[in-house]
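Visitor: I'd like to ask you about the structure that follows.
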Amino acid sequence: MSNPIYKRILLKLSGEALQGDEGFGIDPSILDRMALEIKELIEMGVEVGVVLGGGNLFRGAKLAKAGMNRVVGDHMGMLATVMNGLAMRDALHRADVNAKLMSAFQLNGICDTYNWSEAIKMLREKRVVIFSAGTGSPFFTTDSAACLRGIEIEADIVLKATKVDGVYDKDPAKFADAKLYNQLTYAEVIEQELQVMDLAAFTLARDHGMPIRVFNMVKPGALKQVITGTAEGTIIS
C-alpha cells in the first residue's frame, strides 16, 4: 500500500455527488461507496474532516430568486446539509468507522454543536468529523464552509469532490475541446475566471495558503489515488 502524502484532509462533497443519477435526494449505493473510500483513508492513518453540500435536497439561492427571503432560504439549505450529514454518519457507522456529526448551530438530540477543540481531539483519535450547517451564517456557501473548517483544523489540503475530472478552461459538458489543467496558481484561477469555487471561498483559501484539489469522486478509487499522490484532478496552490 502506498503511503499517504497528506496527514489531515478536509473533504468537500457536494450534495449533487450524493444523488448519483437520481436527480434528487440521496443514492444509498453512492453513499455507501463514499463511506468505504473514506474508511480506506482512515485505515491508512489519514485524519478526515468532511463538509457536505445540500443542493441535492434544497437550493436556497434558487428560491430566493422566486421571492423567498434569502436568509430563510439559506437556513433551509443549512438544514439540508445536516440531513446529508446524518446520512453520511450512518453510512460510516455501518462501515464500522467512528464518525462524529457537528452542526454550526445547536440541534440538541440530533448532533453536536461545532466545537473546534473537540473536533481536533476527534480527528487525532482517527474519527471522521462531519461538519454540517455550512458556516452557520446565511450568504456563505458550503465551499466557504469547507475552506473555513479546513483552515481551522489545519488540514493539509481541501479536496473538492466533483462530477468532472478537475478544472477545465471551459465547460467540458458543452465543449469537446475543453482542456483539463493539472496545476494552477490562485492568481491564474482568478485571472481566467475559472469555476473552482465562489470567490469568497476561494480568496479565503488563497489568503491562508490552503491548497485545493478538484477531482472526480464518481471514479471509484479516485480519493485514494489523490491521497497517495497519483496525478488526479487539478491542484491549486
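Placement of Cβ uses the backbone N, Cα and C atoms for every residue, glycine included.
Quick caveat, the model's predicted, so the values are computed rather than measured.
Okay, these came from Swiss-Prot:
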BINDING   Lys12, Leu13, Ser14, Gly15, Gly55, Arg59, Thr162, Tyr168, Asp171  ATP binding site
REGION    20-25  region 'Involved in allosteric activation by GTP'
BINDING   Gly54, Asp74, Thr135, Gly136, Ser137, Pro138, Phe139, Phe140, Thr141, Thr142  UMP binding site
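Help me picture where these features are in the structure shown.
Guide: The local packing around Thr162 (ATP binding site), expressed as other Cβ atoms within 10 Å of its Cβ over all shown chains, amounts to 19.
Note: the region 'Involved in allosteric activation by GTP' (20-25) comprises 0 helix, 0 strand, 6 coil (DSSP; helix = H, G, I, strand = E, B).
Neighbours of Thr135 (UMP binding site), defined as other CB atoms within 10 A of its CB across all chains, total 22. DSSP classifies Thr135 (UMP binding site) as coil under the three-state reduction.
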Visitor: Quick one: of Ser14, Ser137, which of the binding-site residues has the smallest count of other CB atoms within 10 A?
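Guide: Candidates: the binding-site residues Ser14, Ser137. Fewest Cβ atoms within 10 Å: Ser137.
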Visitor: Show which residues of the chain containing Gly54 (UMP binding site), separated from it by at least 6 in sequence, have their CB under 8 Å from its CB.
Guide: Gly15, Gly77, Met78, Leu79, Ala80, Thr81, Met83, Asn84, Thr142
Visitor: If you measure from the Cα of Gly55 (ATP binding site), which of the binding-site residues Thr135, Ser137, Phe139, Thr141 is the nearest?
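Guide: Comparing Cα positions, the closest of these binding-site residues turns out to be Thr141.
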Visitor: Rounded to an integer, what is the Cα-Cα distance in Å between Phe139 (UMP binding site) and Asp171 (ATP binding site)?
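Guide: Phe139 (UMP binding site) and Asp171 (ATP binding site) have their Cα atoms 25 Å apart.
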